[in-house]
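Lifted from Swiss-Prot, the feature list:
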{"type": "BINDING", "residues": "Gly178, Glu179, Ser180, Gly181, Ala182, Gly183, Lys184, Thr185", "note": "ATP binding site"}
{"type": "COMPBIAS", "residues": "1762-1788", "note": "compositional bias 'Polar residues'"}
{"type": "COMPBIAS", "residues": "1789-1802", "note": "compositional bias 'Basic and acidic residues'"}
{"type": "COMPBIAS", "residues": "1866-1876", "note": "compositional bias 'Basic and acidic residues'"}
{"type": "DOMAIN", "residues": "31-81", "note": "domain 'Myosin N-terminal SH3-like'"}
{"type": "DOMAIN", "residues": "85-783", "note": "domain 'Myosin motor'"}
{"type": "MOD_RES", "residues": "Ser8", "note": "phosphoserine"}
{"type": "MOD_RES", "residues": "Ser23", "note": "phosphoserine"}
{"type": "MOD_RES", "residues": "Ser40", "note": "phosphoserine"}
{"type": "MOD_RES", "residues": "Lys129", "note": "N6,N6,N6-trimethyllysine"}
{"type": "MOD_RES", "residues": "Thr1177", "note": "phosphothreonine"}
{"type": "MOD_RES", "residues": "Ser1684", "note": "phosphoserine"}
{"type": "MOD_RES", "residues": "Ser1722", "note": "phosphoserine"}
{"type": "MOD_RES", "residues": "Ser1954", "note": "phosphoserine"}
{"type": "MOD_RES", "residues": "Ser1971", "note": "phosphoserine"}
{"type": "REGION", "residues": "661-683", "note": "region 'Actin-binding'"}
{"type": "REGION", "residues": "763-777", "note": "region 'Actin-binding'"}
{"type": "REGION", "residues": "1744-1802", "note": "region 'Disordered'"}
{"type": "REGION", "residues": "1866-1972", "note": "region 'Disordered'"}
{"type": "REGION", "residues": "1935-1972", "note": "region 'C-terminal'"}
Amino acid sequence: MAQKGQLSDDEKFLFVDKNFINSPVAQADWVAKRLVWVPSEKQGFEAASIKEEKGDEVVVELVENGKKVTVGKDDIQKMNPPKFSKVEDMAELTCLNEASVLHNLRERYFSGLIYTYSGLFCVVVNPYKQLPIYSEKIVDMYKGKKRHEMPPHIYAIADTAYRSMLQDREDQSILCTGESGAGKTENTKKVIQYLAVVASSHKGKKDTSITGELEKQLLQANPILEAFGNAKTVKNDNSSRFGKFIRINFDVTGYIVGANIETYLLEKSRAIRQAREERTFHIFYYLIAGAKEKMRNDLLLEGFNNYTFLSNGFVPIPAAQDDEMFQETVEAMSIMGFSEEEQLSVLKVVSSVLQLGNIVFKKERNTDQASMPDNTAAQKVCHLMGINVTDFTRSILTPRIKVGRDVVQKAQTKEQADFAVEALAKATYERLFRWILSRVNKALDKTHRQGASFLGILDIAGFEIFEVNSFEQLCINYTNEKLQQLFNHTMFILEQEEYQREGIEWNFIDFGLDLQPCIELIERPNNPPGVLALLDEECWFPKATDKSFVEKLCTEQGNHPKFQKPKQLKDKTEFSIIHYAGKVDYNASAWLTKNMDPLNDNVTSLLNASSDKFVADLWKDVDRIVGLDQMAKMTESSLPSASKTKKGMFRTVGQLYKEQLGKLMTTLRNTTPNFVRCIIPNHEKRSGKLDAFLVLEQLRCNGVLEGIRICRQGFPNRIVFQEFRQRYEILAANAIPKGFMDGKQACILMIKALELDPNLYRIGQSKIFFRTGVLAHLEEERDLKITDVIMAFQAMCRGYLARKAFAKRQQQLTAMKVIQRNCAAYLKLRNWQWWRLFTKVKPLLQVTRQEEEMQAKEDELQKIKERQQKAESELQELQQKHTQLSEEKNLLQEQLQAETELYAEAEEMRVRLAAKKQELEEILHEMEARLEEEEDRGQQLQAERKKMAQQMLDLEEQLEEEEAARQKLQLEKVTAEAKIKKLEDDILVMDDQNNKLSKERKLLEERISDLTTNLAEEEEKAKNLTKLKNKHESMISELEVRLKKEEKSRQELEKLKRKMDGEASDLHEQIADLQAQIAELKMQLAKKEEELQAALARLEDETSQKNNALKKIRELEGHISDLQEDLDSERAARNKAEKQKRDLGEELEALKTELEDTLDTTATQQELRAKREQEVTVLKKALDEETRSHEAQVQEMRQKHTQVVEELTEQLEQFKRAKANLDKTKQTLEKENADLAGELRVLGQAKQEVEHKKKKLEVQLQELQSKCSDGERARAELNDKVHKLQNEVESVTGMLSEAEGKAIKLAKEVASLGSQLQDTQELLQEETRQKLNVSTKLRQLEDERNSLQEQLDEEMEAKQNLERHISTLNIQLSDSKKKLQDFASTVESLEEGKKRFQKEIESLTQQYEEKAAAYDKLEKTKNRLQQELDDLVVDLDNQRQLVSNLEKKQKKFDQLLAEEKNISSKYADERDRAEAEAREKETKALSLARALEEALEAKEELERTNKMLKAEMEDLVSSKDDVGKNVHELEKSKRALETQMEEMKTQLEELEDELQATEDAKLRLEVNMQALKVQFERDLQARDEQNEEKRRQLQRQLHEYETELEDERKQRALAAAAKKKLEGDLKDLELQADSAIKGREEAIKQLLKLQAQMKDFQRELEDARASRDEIFATAKENEKKAKSLEADLMQLQEDLAAAERARKQADLEKEELAEELASSLSGRNALQDEKRRLEARIAQLEEELEEEQGNMEAMSDRVRKATQQAEQLSNELATERSTAQKNESARQQLERQNKELKSKLQEMEGAVKSKFKSTIAALEAKIAQLEEQVEQEAREKQAAAKALKQRDKKLKEMLLQVEDERKMAEQYKEQAEKGNAKVKQLKRQLEEAEEESQRINANRRKLQRELDEATESNEAMGREVNALKSKLRRGNETSFVPTRRSGGRRVIENADGSEEEVDARDADFNGTKSSE
């Protein structure tokens, strides 16, 4: 998993740094040296390179020391490429074998990466040091992430299980398995830590009363259980001496609602006895080291060496302080809710256990009775346990036992007393542990919420092999066998059964990991009974011992394959069991006692009656334990049926543990298990050391390789059809029609739409199965799709909201218009008199109704007040009743609680008594029945014994000698028959193996035939060689960059070191301050807690009062709101009345005015006025009275209302103040409490963190110092590597020769196969000769056996005669002696025959063993080939997936290409349109220029007329005489001239306006032209960029074509070397390829030249553009300045025409200056000087204009000055003419230059375009030519590859046939080995073998003929291929002439098909290349 940037310190232990993985040196070594793994005695496996192959042996050179070693081919294992170094999931390894897995684990372990995925489970190697990968930051990193998104970690396993539990609603379990010391307990703690953070129940919850308490207690349960249940062993400093299953319950939302812990088999014997260098349970050492003085005195504690039960005294644990751990344990007990009294009681029991070990007994002198000379330790024990010393001593030394109906005292021996004390200590500690566990479970399950599902975590003692292995080790190893069996069954059996159940094509694989035999050896109840059943059976026998148990075990299970008796017996109680992790030697001493676990009833009854309540509670259920005292009543003889225990009978430890384990396994089977395989790296507990053989043994035992293999080959991810459709239908929305219901068909349609590779999935009956990684890919696609959908939805929502807001604004606009219209209407209406009258009269109509409304309101108000009083009285009564009822309810609840507790206790007592009674009754009945059976059996046996004794006495004397001889012969016969039977069984076994091998051979043949079709795809791997050169070059650059980075990092590390030193000193000071603050805060916290309790009590009372007050307030607020509404209505009525009053007053005033106005009209009007005034006065009086009465009423109501409101507000304020005070006190207290707790927690954490940081900084400082030195060394090494890599790049070419050597090797293999064929024929002949020899020997043996059989028959007949004639033995004594002598001679001959027979049997067995060894070797080679075949299948699947991905890329690229073509056509259309528009604009500009020239010509004509008029005026002035003409004529002429001058001015102004319009049009055209030019330049630039991009693409394509051509050439060379027969045919292709390469190189050179020319043109074009842009900028500036000057000159023109001409001349000069600036940048300085001159000239003209204005004003007054003015004007006119002529000539010259530059620019642009187009066309033509060459070469290569494939196929078929013959020969060997059976069977087999050999020879001859035919067809095909190539070169003919042979015709047809495939592949090939 590549990480960006620099990895942090904690991430270094999680992520793999990819910069150090892709080493070019390692890659080169792997490719060049053919690196493999070979076995090593030290490292397990070593890297080596293959140097030479010698048949079945290979010579390799070790990489480490260069030593050459010869090893077998079967012992070599393939090495993975370097890119798979430190791979996170070992299922990704291409070569899966033990060496690769071990190497990967070793590399990751040495890099600090302890977690590694192994398929579906995780492997963790114990680092034996602290790693920074368990912080809160790491927890946040893994929270909610998918497994493939993060590196391997225990957090990832926990999160996966947690998410699966929530998503699938299935219970989960996490099983941490492994040997002792592998790290199971630590990983269990990390899982709980992660779940406590992720599934915290107080997040987002309202019930903050138990904020985080449950999670805190869950985390603190581990320290308590570890203190009381863990101990230091040889392998592990913190070994769990009990097993536990932690069940964490979750609700539906995923929050923790409770937990429960179950424990298994506490090793209580450790409390009294420990092995060397081991400790007892941690709590004993914690207590002695951590207890303070007062506690030491209370608990009577002593030193470590004063306790007998501490066998080794004080044994320290590295990096752990016992006193600190004691404090942590006490704190954990406090958090779990243990009171101080309970803690003290627990520690008292611990101390009493230690004191029990100090009680010493001695044997009295004359008797065996034990005595206690010193009872000091006993007094301490009794003081701690609260019992009487005398009673305790009596119970131990002289306990009371029941004999019959009497109770007597029995004196105990020293050994019995010691055993009783030790048993009491063990039982006490076990009961204490159980009590602690129940107390922890009670604390963890106090929420009483129902859990929807649970997640179980199993932490159980790992597999143990010690020097002395006892009963505890057997139980632990038995548990591990069951767990490993569960793993095997889940991973291998259930997985494959589900494949078959779902109908998936799957060949069942037997991984050979069945552990059932070993489990049955331990747990089987009968037929024959297992270890536990035999142990329980022996416990029933009173005289049974451990030796008798072992003897019976050897008798029953002696032949079991997993049971062994040690060869060298140290003790008769030893036996061995072969577990999955190895052979374990068990010592069965004291097993019967441990299994029965007896106790002294006298002591237990004492403890039950202890004065210490805690001790009595521990022993309260002592009566339920049925001791073994009843066993003494049994008779001496017992039946074997006693092993069957019935319900209610005595339950042994083994039975209880077996049942408990069965329940655990049932629970685990009902969950979905997640396995974590913990690996122990070494037994020295050293970090950084890895014992290869130890790790390999654990990997083999744990089934790691098999788990990876089934994960790779199988389909581990599966999902139900409906869920798959529901979850991933979004990815194929249109694939399923609406209303489609069939789930399976829907999934098939979705899969087709998703275009998944068929090899990646399988569709079953109810589920769809996927390979690893496919579902993760689909999840990523789904997330992307959902993101797009959400974005589209958000866009639609925003659009809807925008439209809605727009509609709302439109409605507001219409409303505003309506309001405006109404306001305008009102403004028009308000001044209308009738409207004013209407508004004044209308309110008066409602005055009469106000009195009635007021009266009704008063009545209503009175009723409301009465209801309020009544409600208040009822409220008080209800409050009183409520308080009474609540008190009664509390009393009833207390009584009910007491009753329920009493009932529960009574029920529990009743159940216990009933169970006890039932047990005792059943035992009694069983004993009585067995006693009767035993008595009957005893009587029968006695009678039979007497009869047998009599018979034996009769026969003993007669048959002593004959019986001895007969037994001897019988033994020999039995042994011979057993050997023959064994040989027959071996023959049957070999037959089965032969059949099995033949089936496997068929399977392998089918697989190999499938693989041969896909061999062409495998050949593509050779292409990787050509890419190595590029990779090495990139590696060199990367190494240089890394070197620089290393130097920077070294400097940063030095800075960091200095910074760390300063921080360390600061942290020391902070630690001291924090410790002081912690002490102060603890004091404050205690005080605040007391205050908080008191405040909470007050708060509860006040909350009840507050609730009542709030109810009153709500009711009063309702009344207030009603009154407020009434008051508002009254106020509104009053306002209306006042308004009416004002309106009436205004109306009265209006009427007065009207009356005053109309007073003088008529008398009738006066009368009306008087009447109106009277009415008005009456109305006024009435109105005043009403207002007064109304005001009085309102005043009264206001007073009443204010009184009520004030009372209510006072009450409300009081309640509010009380509530505010309470809330304030509550908040302050809660805040202070939370702050103090937070500060305390933070300070504690800070202290720990500071200490941790201190240690970490010290470590980092050392590491930094070492890194600095390492960095210097690495820098030097990197410099050397850079030089080496440059040399190694050159060595890559050597790899090509190796690849060519592979092809040559194929030819050699063909020759070797021919030689092997001859060898097999010779072997076959030898086998037949050996078979004949064996058959002759067997015939001889059979004859001898028949003779022996006849002799045996004769002896049997003689024996029968002897038995019939026993009575006549005395008479025939002499005859019998003779017969006996003959018999002795025959016995000797039989002895000699037996010896010969035995020798021959030994020779046959030796041959059998040799054959068996050969068979094992073949089996090994078969397994290796099977593994390689599996790896090839996996690689084939990967290649297919790559091909499908490339096809998808090809389709995408075709789409992109079509889009690019559309865009290019679009751009071409736009370019044409822009050129057309530019042409139109140019024509418009030319027409405007012509119009401008016409306007200038008109202007020039006007100037000429003006000049003529001036000349006439001069003539007139010159023609006047001195006295001349009179003034009247002069004035007349003056007026005429002035009128003419005015007319000329108007004409001039009109012309100027026209000129101005034309100039404006010209400016607009220039601006438009400028914009068009800018747009055209942008388009041109965009096209240039596009062309540049296309050029780059073409260059890339050319480069890729070069690489492809190089690949094709190399492959062609390889093919030519592989098949020498085709060399002549392929020479033409090589020549063509060389010519193509030369053409390509010439094209590349031409392309480089064109590129250089293009760059030159581009530079020139860019320079021209830059100069043009600068000219345009200066021109714009000058235009702006010119416009300002034009404005000034316009004002001057109005005053004087002469100044106008000067302005125009200056303007012309300005325009000429601008054009001169546009033409050349070199004349910029001259133009600036010219501009300054013109500005000076303009200023001068302005001064002259002022003077001329003064002259014009003076000319009206003084005519005399006209002559001077005319002369002055004529002079100025002459000068102006000369300057105008100069400017005109300069302007024309600049215009010519501008036109020339424009034409040059256009010519250059046209030339550049034409050159660019021509270069593009040339390049495209070259590319097309090269593509055609590549296509032609590809077609030729495909044809050659096709022919090569067909020859390879034929060759492989021949190889397979040869292999079949070899296998058949081996089969004959095996059949020859079966010659140990009967002679007839051997003869029949020999005849069958001869027939089979003849048939094989016929087949071989037939195969030889077929081989000859195949070679002839190959030659014919070669000729036809040459003909086809010649036809393909011509390319005219499309059909081929068939040859004579049918094989030739098939080749031609295949060639046709291959041509089509070649065309299709070429098209795909070109598409993919262009896409790249």
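Backbone N, Cα and C define each Cβ position, glycine as well.
Computed from a predicted structure; not experimentally measured.
Note on proximity: among Ser8, Ser40, Thr1177, the modified residues of the record, the Cα nearest Glu179 (ATP binding site) is that of Ser40.
Every protein chain considered, the tally of other Cβ atoms within 10 Å of the Cβ of Thr1177 (phosphothreonine) stands at 10.
Mean per-residue pLDDT, taken over the region 'C-terminal' (1935-1972), amounts to 39. On the backbone, the CA of Lys129 (N6,N6,N6-trimethyllysine) and the CA of Gly178 (ATP binding site) stand 18 Å apart.
Comparing C-alpha positions, Ser8 (phosphoserine) sits nearest to Gly183 among the recorded positions Ser180, Gly181, Gly183, Lys184, Thr1177.
Packing around Gly183 (ATP binding site) is summarised by its Cβ count: 26 other Cβ atoms lie within 10 angstroms of its Cβ, all protein chains included. Sequence-distant neighbours of the region 'Actin-binding' (661-683) (same chain, 6+ residues past either end, Cβ-Cβ under 8 Å): 105, 109, 118, 120-126, 128, 154, 157, 160-161, 164, 168, 170-184, 187, 234-235, 245, 262, 264, 456, 458, 462, 478-479, 482, 486-487, 490-491, 689-691, 694-695, 698-699, 702, 704. For the recorded positions Ser8, Ser40, Thr185, the greatest number of Cβ atoms within 10 Å around a candidate Cβ is found at Thr185. Neighbour counts were taken at the CB atom with a 10 A radius for the recorded positions Lys129, Lys184; the maximum falls on Lys184. Shown in sequence order, Asn126, Cys176, Asn236, Gly462, Cys678, Ile680 are the same-chain residues outside Gly178, Glu179, Ser180, Gly181, Ala182, Gly183, Lys184, Thr185 whose Cβ sits within 8 Å of the Cβ centre of the ATP site. Ser40 (phosphoserine) carries a strand DSSP state (E or B). Neighbour count (other Cβ atoms within 10 Å of the Cβ, all protein chains): 26 for Glu179 (ATP binding site). Between the C-alpha atoms of Thr1177 (phosphothreonine) and Thr185 (ATP binding site), the distance comes to 108 Å. Taking only the Cα positions, the spacing between Thr185 (ATP binding site) and Ser40 (phosphoserine) is 33 angstrom. For Gly181 (ATP binding site), applying a Cβ distance below 8 Å and a minimum sequence separation of six or more within one chain yields Asn126, Thr233, Lys235, Asn236, Ser239, Gly462, Ile680, His683, Lys685. Each of the binding-site residues Gly178, Ser180, Ala182 was scored by how many other Cβ atoms lie within 10 Å of its Cβ, and the smallest score goes to Ser180. Between the C-alpha atoms of Ser180 (ATP binding site) and Ser40 (phosphoserine), the distance comes to 27 Å.
In the three-state DSSP classification, Thr1177 (phosphothreonine) falls within a helix.
Mapped onto three states, the DSSP output places Gly178 (ATP binding site) in strand. In this structure the alpha carbons, written CA, of Ala182 (ATP binding site) and Ser40 (phosphoserine) are 24 Å apart. Of all the binding-site residues listed here (Gly178, Gly183, Lys184), Gly178 has the Cα closest to the Cα of Ser40 (phosphoserine). Residues of the region 'Actin-binding' (661-683) grouped by DSSP class, helix first, strand second and coil last, total 9 helix, 8 strand, 6 coil.
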